């Protein structure tokens, strides 16, 4: 029976519509940010590689480099799409609980496992935690009004980065000052993760999501952009086959895919999406293997002489600073995008070569900190440039496709270069190949920038670019939907600013153990 009168009003008041927010949203946001902070408290993560290569586990460098770490790329590619779909279908909270259980499983395997197979299973569990980051990135937007999205994105991002920084500093202090063993550090990490799992159990479960739980808009709420562009047909279609085809044609996801095909014609969208795919693949390969390189540059059994936590903390801080500074860069991106990208890629190639050739661990640390800062400088710029070209709902799909393509590229390179079934190269040779990779990308972008400059001069030196083609600097943009990383398949809340999966919650931080938090 359909409720009517006062009964209907009571039922409607229990479920806030898309444009409403629960009265207790401030407490919910505060609790979610606290959960995001505590979920990053893994002080042992920066020291997993020396732990595996040391007397506690006694794995060889070849086993860690060519047998254990490659599993992370393979398993992440497999679980990425299913976890995204489950995140939407189950409405966030169950996936956050799954992430907490996976983290606990990771550290139990680290502490209790003794074989290569155990460590490979550990990487599989860690890939689930990486894919599940999108649940946290999207969850916060289900709690607040759309007018608060930008501020809420800032709060959640700050909480996560502060947690990563605090975790790295705490781990370094416990090792250097407290002279704590790596094994005890992992037990402390396990205790923190159990606490964060308990916090996840008390999170509120939202009622709506993007694909599987789309209810009718509440009274007074406006329909989504794609609902307006593609209204439902007025005339019903007869027949089972006709109804099935009509449902597929008029489905929300089909509309998004159709709009994405049309959006792909935009040059700036293609340019920054190509950068996202190619550069993030190389970036995460560096992050996965840099701790193995540090162990080769400075092989020591003394925990007090390992400063991986300090390097991770410094890179987190510099990444946050460069991400913030990128918002104040004021140039004509339609004209200078390729030059900026090519210059950053050239710097990254030089820093990777420095890490490959140096025998000084401090110089290797510094090169990695600068490398990560250079990458994080372009992430918010790419985010704004892509988001400003799209409708709200399409942002999630574009960043999801970009992340998936980057994962395929990263997995392919891993299979060829790192896996023992491929070339099985040692870590220094791998970094030399990654250096060439960034150098080739830089040359390609410089050539593209040169060709664009010639076309621009031939067209008209004094005529400015058409306003419709000019994408402004992030500092000049109106508050846009910030995609969530890192940095997955985009944000899940309707009309919410989706966040890039791998950079969404941790800026790509937290690649485990053999691939440490970076």
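Backbone N, Cα and C define each Cβ position, glycine as well.
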- [ ] Could you check which of 251-271, 335-355, 461-481 is flagged in TrEMBL as transmembrane segment?
- [x] 335-355
TODO: Give the range, chosen from 306-328, 490-512, that TrEMBL lists as transmembrane segment.
DONE: 306-328
TODO: Using a Cβ cut-off of under 8 Å, list the residues of the same chain at least 6 residues beyond the transmembrane segment (306-328) that approach it.
DONE: 43, 46-47, 49-50, 161, 164-165, 168-172, 175-176, 291, 294, 298, 300, 361, 365, 368-370, 372-381, 473-475, 507, 509, 516-518
Open item on the list: Which sequence-distant residues neighbour the transmembrane segment (184-203)? Criterion: at least 6 residues beyond either end, Cβ under 8 Å.
Closed with: 31-32, 34-35, 38-39, 41-45, 47-48, 51, 92-93, 96-97, 99-101, 103-104, 107-108, 110-111, 139, 171, 174-175
- [ ] Answer yes if the transmembrane segment (394-416) and the transmembrane segment (335-355) have at least three CB pairs under 8 Å among residue pairs 6 or more apart in sequence, and no otherwise.
- [x] no
TODO: Report yes or no: does the transmembrane segment (274-294) come within contact of the transmembrane segment (94-114), defined as 3 or more CB pairs under 8 Å with a sequence separation of 6 or more?
DONE: no
TODO: Would you mind listing the long-range same-chain contacts of the transmembrane segment (94-114), meaning Cβ under 8 Å and 6+ residues beyond its ends?
DONE: 35, 39, 42, 44, 48, 51, 57, 83, 86-87, 121-122, 125-126, 128-129, 132-133, 135-136, 139, 183, 186-187, 189-190, 193-194, 196-197, 200-201, 203, 205, 512-513
